[in-house]
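Student: First, the structure itself, so that you have it in front of you.
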Amino acid sequence: VSLQMMKHAWDNYKRYAWGLNELKPISKQGHSSNLFGNIQGATIVDALDTLFIMEMKEEFKEAKEWVEKNLDFNVNAEISVFEVNIRFVGGLLSAYYLSGEEVFRKKAVELGEKLLPAFNTPTGIPWALLNIKSGIGRNWPWASGGSSILAEFGTLHLEFVHLSHLSGNPVFAEKVMNIRKVLNRLDKPEGLYPNYLNPSSGQWGQHHVSIGGLGDSFYEYLLKAWLMSDKTDEDGKKMYYDAVQAIETHLIRKSSGGLTYIAEWKGGLLEHKMGHLTCFAGGMFALGADGAPSDKTGHHIELGAEIARTCHESYDRTRMKLGPEAFRFDGGVEAIATRQNEKYYILRPEVIETYMYMWRLTHDPKYREWGWEAVEALEKHCRVDGGYSGIRDVYNNHESHDDVQQSFFLSETLKYLYLLFSEEDLLPFEHWVFNTEAHPLPILHKDDGIKEEKQK
Ligand code: DMJ
């Protein structure tokens, strides 16, 4: 089914928005997001590996030809360093590792080089935004005290380590190792990492902590950096398990109805709200269970299962059986959005991602059942003639479509669905880690270097 869904999403993108960043499936035209400046083709690059994995060979070939001929980074564009890294660098790296086609390696390294000026700050903590022509960076105007964002500068590690590995140039890995160093030197309030860090002073901004937006994939990348290093990156490992300990103590709570949730922390006060983005953490806890101190393995799996259940409830308690952007545990509600501007669903993957990890790590059939419910809801409410669209209010009787087919729908949501219903020898966890945009990167095995030496 996810293959049919991918075909529908891809064919319509191709028909109405080919070469542009995303598709507007209702108005049947291109959608340009300013996250990518005027770099084009986000959907193509984001979808390459999904096409490959689903064996959509013709489509993969067309996509590759587009990349060869048209993907151009010599543009005067201000881009989001984070978004371009996770979608474009990540997408190109995966396409290279899966297909072995040199063009993807070349483009990934070329783009990586364009991103380097973002690190020209007094601390080496990169800017959020970068003009890739002039090399001038700055931060989001809304960010506390001119800060960079934890989930943005903390979500470069996996891709940059691979860029060094593939280019032979250590500079990429050095840049991200320095971020670690800066973080390790800082005092952390209650062992937690605030979402804001000023790249000039090296001081935290507002003490807001989140495992959802602004924080999320920083934690994910600590764990995955350790896994991707074939469990040699002890520093990443320690930072991850220490962070989870602090998160459990200060952020994880149980509702009176028995649902475990992860709250947000604002200078010591809890906001009892959980974002759809936060739902990825179920899969993360389960993936990290294996490396947890021996008496904690079962506990981390259990935590993953509880978050999966809570997020499933957030879907089940809506009219459309699709989860809202954020749901609350206060004012007499549990796992329900109460504010109008938190009731939308934009084809996000995090809940399905967690089902996929939980399925692979526990084989409890309920995760496939829950995934199936999501497929049915997507088909019923998000599928339109011209592709798939997000929904403005998942509690409503009637769909009000937002008219955007997000590129992560093809790279993540559909890929995780496909993996949820596939055999486990497809991208096994022993050999692959997924970047935060679901792009698989190979684990760099300890003996790889030795093998390569021998081959020579
Ligand atoms: C994706 O770009 C990535 O998963 C990112 O980590 C968070 N936001 C979207 C999907 O919701």
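Each Cβ is built from the backbone N, Cα and C atoms, and glycine gets one as well.
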Student: Quick one: TrEMBL says Cys279 makes a disulfide with which of Cys311, Cys382?
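Tutor: That record, TrEMBL, gives the partner as Cys311.
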Student: At the level of the C-alpha atoms, what whole-angstrom distance separates Thr436 (Ca(2+) binding site) and Cys311 (disulfide bond)?
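Tutor: So the Cα of Cys311 (disulfide bond) lies 18 Å away from that of Thr436 (Ca(2+) binding site).
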Student: Output: those recorded positions from Cys279, Cys311, Thr436 whose CB lies less than 6 Å from an atom of ligand 1, in sequence order; none if no residue fits.
Tutor: Thr436
Student: Among the active-site residues listed here (Glu83, Asp216, Glu325, Glu350), which has the Cα closest to the Cα of Cys279 (disulfide bond)?
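Tutor: Considering only the listed active-site residues, the nearest one is Glu350.
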Student: Return one of helix, strand or coil for Cys311 (disulfide bond), based on DSSP.
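Tutor: In three-state terms, Cys311 (disulfide bond) counts as helix.
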Student: Tell me the Cβ neighbour count for Cys279 (disulfide bond), meaning other Cβ atoms within 10 Å of its Cβ, over all protein chains shown.
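Tutor: Around Cys279 (disulfide bond), other Cβ atoms within 10 Å: 30.
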Student: Counting across all protein chains present, how many other Cβ atoms fall within 10 Å of the Cβ of Glu350 (active site)?
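Tutor: Glu350 (active site): 24 neighbouring Cβ atoms within 10 Å.
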Student: Please report the number of other Cβ atoms within 10 Å of the Cβ of Asp216 (active site).
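Tutor: A count of 25.
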Student: Measuring Cα to Cα, how many Å separate Glu325 (active site, proton donor) from Cys311 (disulfide bond)?
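Tutor: Cα-Cα distance, Glu325 (active site, proton donor) to Cys311 (disulfide bond): 11 Å.
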